[in-house]
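Asks: Next up is a structure, given as structure tokens.
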Amino acid sequence: MSSASPMISVQNLWKVFGNNPEKVIGSADANLSRTDLRAKTGNTIAVRDVSFDVAPGEVFVVMGLSGSGKSTLVRCMTRLIEPTQGQLQFEGEDILKVDDKRLRELRKTRFSMVFQHFGLLPHRKVIDNIAYSLEINGIKKDARHARANEVIELVGLQGYANAYPEQLSGGMQQRVGLARALAVDPEVLFLDEPFSALDPLIRRDMQQEVIRLHHELGKTMVFITHDLSEAVKVGDRIAIMRDGAIVQIGTPQDLVANPADDYVANFVRDIAKSHVLTLKHIARKAEPGDATDGPELAASTIIRDAAQVILQSHKPVRVNDNGNALGIVSSEDVLRLISGGA
Amino acid sequence: MKVRKSYLLLASVAVWILLGRLLNGVHTLQIATYENTSFTKYVGEKALDLRGNRTESPAFIYFFNPIRGAIDGFVQAIRNLIAVPAPNSLIPIIGWLGVVAIVAFAVYATSQWRTALLSVSLLVACGALGMWQFTMDSIAMTLAAVLLSLAIGIPLGIWAGLSDRVLKIFTPFLDLAQILPTLVYMAPIALVFMIGAASATIATMIYSIPIAIRITSHAIRNLNQAPVEAAESMGSTQRQKLSKVQIPMAKQMIVLGINQTVMAAVSFVVIAALIGAPGLGKPVIEALIIRNVGQGFVAGFAVVFLAILLDRSTSAAAKRQDSFIPATEKQIKTKRITLIVAGILAVVSVFMSRTMLWAAVWPKEVTIAPQVAKITNSATAWILENLTIFTVGFKDLISYSILNPLETQLAASPWYVTVGMIVALAIIIGGTRTAILAFVLSMAIVVSGLWYEAMLTLTQTIVGCLLTMIIGLALGIWTGRSDRAEKVLRPFLDAGQTLPAFVYLVPMLGLFGPTRFTAIATGIVYSIPVVVKIVSEGIRAVPHALVEAATAAGSNARQIITKVQLPAAKKTILLATNQGLIYVLAVVVIGGFVGAGGLGYLVIAGNSKPELQGKGLIAGVAILLLGVIFDRIMQAGARRSS
């Protein structure tokens, strides 16, 4: 398998709840609004014709408001909920075709999941929670505890191995959730709103933790969230969902610079552009009167990080994209962007 | 719509009363107690045939008799252990001291030393009442029934907890079991399994298995689903999910279910004596038959003590599981040491109870039974002498104001007039389908030939339910509105719910003598706790914002109750009425023992008098039909009001 091929490939995936779900797909009913469809056939379309690829090592974020179908989508990807129609491949293997035994094998070894409400077993110590998947893999107690202790260190839970979940704070519990997911050394982590139930401060710590783990371990991640700033912070690419369908897929910069429609634009409005966009997005041609001997910066520098240099310089900075001069950025350009102008 | 409904009800009641007056004494279907219709005679003969077939029919030889044998053997083994002399011996395997020590140890191991002390005191009190062997028999019977019920109920409950389809199949049976008056199925069981311990155990199991199933499936279904889903996402098989996640998480609730199952079995301790259960039921029923209130109190106290003992010891075990966090190392160590000491003491006591006579057989000299009997007898006599104004006055007031007029209306009217009334009630409250069901079931009672007796029972049930609701609503509103009232009444309500109905018959018999009023009063006392609990929960469930809004609008307490809380809790109150009616019915028929007549008397007489056997069996069915008619009407009413 070449490194260019996707880790996960989702093609035209549908999930329709209610009786006779297949009948809805492809019929005129599929275009009805949610309330109208439910009134007419009793069905609800949770995932609507969704397609995307996730590259190895990528953090792919699915972002949407509650009810947009993102949690159903992630459950369809691990078949905790059976999709109604579509294709789903994991390293080229058709996941929707595998039998229960193979599916369990995949769940035990290849992908793991982290849940919004942690899903820890209240009657087990932290270490035995983390070792659960190893236990059902048939690994002996000493071996699985040794491995569990490794992961405990990895997520910073030293000293809590013998605590019970209800003795831990929410943030600590989710560290256990992360550790449990990492214990089997899976290829893909599915994180379903992992930090939504946490306090804002703890949430920020945990986001940093995920970024750190991603740097250290390089796992592919599918990350579900309803919080765009979280999506921008952790995601390589973001898919925005609305009413079961994907509205736009792109890097944070794409979404902020070129929102596909008003819905996405509305979302990204609250994001500080200077935190996401790079100099490339605001570089302009030098006009007569602009000094062209200012300091030089790379085009991929995030504006926020460049701001100090630009504002302190008396001359506009020159933007350099791998040797090509893209143009210049002046203090006024930066201030206009930060103050909300385009 | 609402107004029209109540007018319709009033109008149909008026027509019913009018027709009843006009046609008084006509077509009442009354027959003498010992008179048989061709149908009751036929059923009686069939029952006799069945009895004769016990040694011949393959159904008996290969199915019923082996079951009976196995259960009898199981019960006998437990009885030999603690209650009756073991084979080739003069004493049970474990004598009284040993039993006390084992109970103390077991309760201490599963809960606190205080509960253990309470359990020991209660056991010793039973002994001092001269009821040691009866108590041990009752414990043996309860233990046998509970073990078998759990062995069947917990697996079925887990199954129903995992599968929607299984639950759907079970639900009608579980619902039926809840409204089935216990007296109803004793006779058929005794017919198949003979009078004896096996029949009593099976009857108890029929009552307690549904409770075990219900609570277990509820426990599995209401788990926090997040860990279950997580386990699934990690590739657990169904079995791993069940054994490593669902059952450990549901354990606490299932232990609570064990407590409820035990209490269900305890509520059978007395009534099961009617079909030959050894134990405390015997002296209670004997006392009721010879109307010896003092003796009834002695045995009744032992039943109460036993109920408290079994409730406290099992519910304490459930409470201890509150948290999944075990004790600290040090606590574990301390407990282990004390447990070892207690265990050694228990073993020594058991050994002593096997070797020394004083520790094996409860010493006859240690008894307070005569004193208790004397005190309660003289207390009863004093009440009858000095408080007659209250007891007889109350009895007469109720009798002349509602009981007699209602009995005339129900029992002395033509059957078709009352059937018409029942159907009208069903149409107005429940709708056409309920009405059709009510009509069919009422006609079944008419055809059975026991219409008149059914009307007597119905009269007592309605009056009992009416009084229960008046008292229950008042107390329920009070406890629903005041935390202090709740705190004060709660222990009484809990205790009231754990006692077998028969126990209440004893004091009521002392107060009101052998009359139908005794049955009604017992029914009221028995059903008030459950009604109060349901009403108070309903009142508490009314959103606080509603009450606040009404208060802010300047309503006084009475206005808040009548205009906000009661209307908002209407559905719950209907359900409470239904529950009250079912409870009163179940007890009123037991009152057949103390002169209440009606269907209950026929069931009980049918047990002992061969010529009444057919009538007794049919009377049991008629009780069930009455219960189902009113249950369906009320449930339909509750559904419509939501």
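Just so you know, glycine gets a Cβ as well, placed from its N, Cα and C.
Copied straight from TrEMBL:
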- B:135-316: domain 'ABC transmembrane type-1' (DOMAIN)
- B:454-634: domain 'ABC transmembrane type-1' (DOMAIN)
- B:90-109: transmembrane segment (TRANSMEM)
- B:115-132: transmembrane segment (TRANSMEM)
- B:139-162: transmembrane segment (TRANSMEM)
- B:182-207: transmembrane segment (TRANSMEM)
- B:253-277: transmembrane segment (TRANSMEM)
- B:289-310: transmembrane segment (TRANSMEM)
- B:339-361: transmembrane segment (TRANSMEM)
- B:410-428: transmembrane segment (TRANSMEM)
- B:435-452: transmembrane segment (TRANSMEM)
- B:458-480: transmembrane segment (TRANSMEM)
- B:580-604: transmembrane segment (TRANSMEM)
- B:616-634: transmembrane segment (TRANSMEM)
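Locate each feature and note its surroundings.
Replies: Here the transmembrane segment (B:90-109) has long-range neighbours at 79-84, 115-117, 119-120, 123-124, 127, 132, 136, 309, 313, 316, 338-339, 342-343, 345-346, 348-354, 357, 359-362, meaning same-chain residues at least 6 beyond its ends whose C-beta is under 8 angstroms from one of its own.
Away from its own ends, the transmembrane segment (B:139-162) comes close to residues 71, 74-75, 78-79, 81-83, 170, 197, 200-201, 204-205, 208-221, 242, 246-247, 250, 254, 257-258, 261-262, 264-266, 268-269, 272, 277-279, 306, 310 of its chain (Cβ-Cβ under 8 Å, at least six residues beyond either end).
Using a Cβ-Cβ cut-off under 8 Å and counting only residues 6 or more beyond its ends in the same chain, the transmembrane segment (B:339-361) has close neighbours at 91-102, 104-105, 108-109.
Long-range contacts of the transmembrane segment (B:458-480) within the same chain: residues 398, 402-403, 406-407, 410-411, 486, 489-490, 516, 519-520, 523-524, 527-528, 531-540, 561, 565-566, 569, 573, 576-577, 580-581, 583-585, 587-588, 591, 596, 598, 626, each at least 6 residues beyond the stretch ends and with a Cβ under 8 Å from a Cβ of the stretch.
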Asks: May I ask whether the transmembrane segment (B:289-310) has at least three C-beta pairs under 8 Å with the transmembrane segment (B:435-452), counting pairs 6 or more apart in sequence?
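Replies: Result for the transmembrane segment (B:435-452) with the transmembrane segment (B:289-310) is no.
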Asks: When you look at the transmembrane segment (B:410-428) alongside the transmembrane segment (B:289-310), do they share 3+ Cβ pairs under 8 Å, ignoring any pair fewer than 6 residues apart in sequence?
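Replies: The transmembrane segment (B:410-428) and the transmembrane segment (B:289-310): touching, no.
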Asks: May I ask which of the stretches B:182-207, B:410-428, B:580-604 has the most CB pairs under 8 A with the transmembrane segment (B:253-277)?
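Replies: Most Cβ pairs under 8 Å with the transmembrane segment (B:253-277) come from B:182-207.
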Asks: By a Cβ-Cβ criterion of under 8 Å, what residues six or more beyond either terminus of the transmembrane segment (B:182-207) are in contact with it?
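Replies: Distant Cβ neighbours of the transmembrane segment (B:182-207) are 47, 50-51, 54, 64, 67-69, 71-72, 75-76, 79, 141-142, 144-145, 148-149, 152, 264-265, 267-268, 271-278, 586, 589-590, 600, 603-604, 606-607, 616-617, 620-621, 623-624.
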